[in-house]
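Some notes on the structure that comes next.
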């Protein structure tokens with residue numbers, strides 16, 4: 001196998017060819033970066049966090065495929081993944097995940113001690129999440145904590161502490177992750193039932209649509225709470241309203257539980273995150289007058 005072919009396999013293993021996961025992890029980090037900096041981000045810290053998101057999401061995907069190597073060959077959507085197809089060995093995958101994690105850790109060395117301590121928790125969450133599908137009825141909640149841990153780390157980097165506001169944002173992200181990853185899990189529900197892994201789509205059963213609607217509502221309510229605590233302007237709530245409209249659109253897409261439409265709704269969640277971020281950015285731009293000098 002040539003070096004180019006090997007690198008192509010690593011790219012697929014790290015899902016760099018499928019950026020939706022990066023975006024779903026990046027949006028809550030960007031929310032926190034703008035909120036913690038009051039709309040004036042430290043561009044070096046922002047760059048460190050963006051690169052960290054890419055590296056840790058990639059490492060998490062590699063660990064996920066390692067953990068699921070005995071399950072993936074039995075699922076139509078995943079049987080061609082590099083480890084499942086026998087093109088990358090489990091040992092090779094672990095070395096790749098370790099290398100990506102090390103690069104992410106090196107990135108944050110210029111930051112404060114609290115960020116370094118929190119990064120160890122983030123590493124544990126990213127590495128352990130794939131195994132929760134064996135034990136937890138709703139592993140998507142664990143995913144929400146893992147995907148949202150850039151939130152407390154962002155506040156720690158900019159404030160030197162993690163305030164209550166950060167935990168509200170993290171809770172909002174947990175509910176959002178349950179919503180979008182349940183949509184994703186609905187795609188594979190039949191296969192997951194056969195192989196015996198646990199997902200929120202299986203746990204919620206016939207109440208899946210109601211649960212997703214509740215999680216979207218809880219996400220928006222918690223984000224509105226953050227806005228109320230900070231006395232944010234109507235622009236912030238306009239972003240939340242846009243996100244709410246997007247959530248309603250997702251519920252319409254998945255109402256028949258068609259796997260293709262469920263996957264479409266999952267992919268579309270990047271616009272939910274973008275709408276929230278847009279509201280945050282507009283609030284700070286218009287408050288400071290920097291949009292219309």
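Heads up, the Cβ atoms here are built off N, Cα and C, so glycines get one too.
The transmembrane segment feature in Swiss-Prot is assigned to 19-39 (among others); the stated evidence is sequence analysis.
The feature transmembrane segment is assigned by Swiss-Prot to 43-63 (among others).
Look at Swiss-Prot and you will find 95-115 (among others) tagged as transmembrane segment. Within the chain, the transmembrane segment (95-115) has long-range Cβ neighbours (under 8 A, six or more residues past its boundaries) at 10, 13-14, 44-45, 48, 51-52, 55-56, 58-59, 62-63, 66, 123, 126-127, 153, 156-157, 160-162.
Per Swiss-Prot, the feature transmembrane segment maps to 135-155 (among others); the stated evidence is sequence analysis.
Positions annotated as transmembrane segment by Swiss-Prot, on the basis of sequence analysis: 158-178 (among others).
Positions annotated as transmembrane segment by Swiss-Prot, on the basis of sequence analysis: 209-229 (among others). Within the chain, the transmembrane segment (209-229) has long-range Cβ neighbours (under 8 A, six or more residues past its boundaries) at 35, 165, 168-169, 171-173, 175-176, 178-179, 182-183, 200, 236-237, 240, 243-244, 247, 250-251, 254-255, 257, 276.
Long-range neighbours of the transmembrane segment (231-251) within the same chain, counting only residues 6 or more positions beyond its ends whose Cβ lies under 8 Å from a Cβ of the stretch, are 179, 183, 209, 212-213, 216, 220, 223-224, 265, 268-269, 271-273, 275-280, 282-283, 286-287. Residues or ranges marked as transmembrane segment by Swiss-Prot on the basis of sequence analysis: 231-251 (among others).
The annotation transmembrane segment is assigned in Swiss-Prot to 266-286 (among others) on the grounds of sequence analysis. Sequence-distant contacts of the transmembrane segment (266-286) (same chain, six or more residues past either end, CB-CB distance under 8 Å): 20, 23-24, 26-28, 30-31, 34-35, 38-40, 176, 179-181, 183-184, 187, 223, 232-233, 235-240, 242-243, 246-247, 249-250, 253, 292.
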Positions whose Cβ lies under 8 angstroms from the transmembrane segment (135-155), at least six residues beyond its ends: 24-25, 28-29, 31-33, 36, 45, 49, 52-53, 60, 115, 118-119, 121-122, 125-126, 128-129, 161-163, 165-167, 169-170, 173-178, 181-182, 185, 198-200, 203
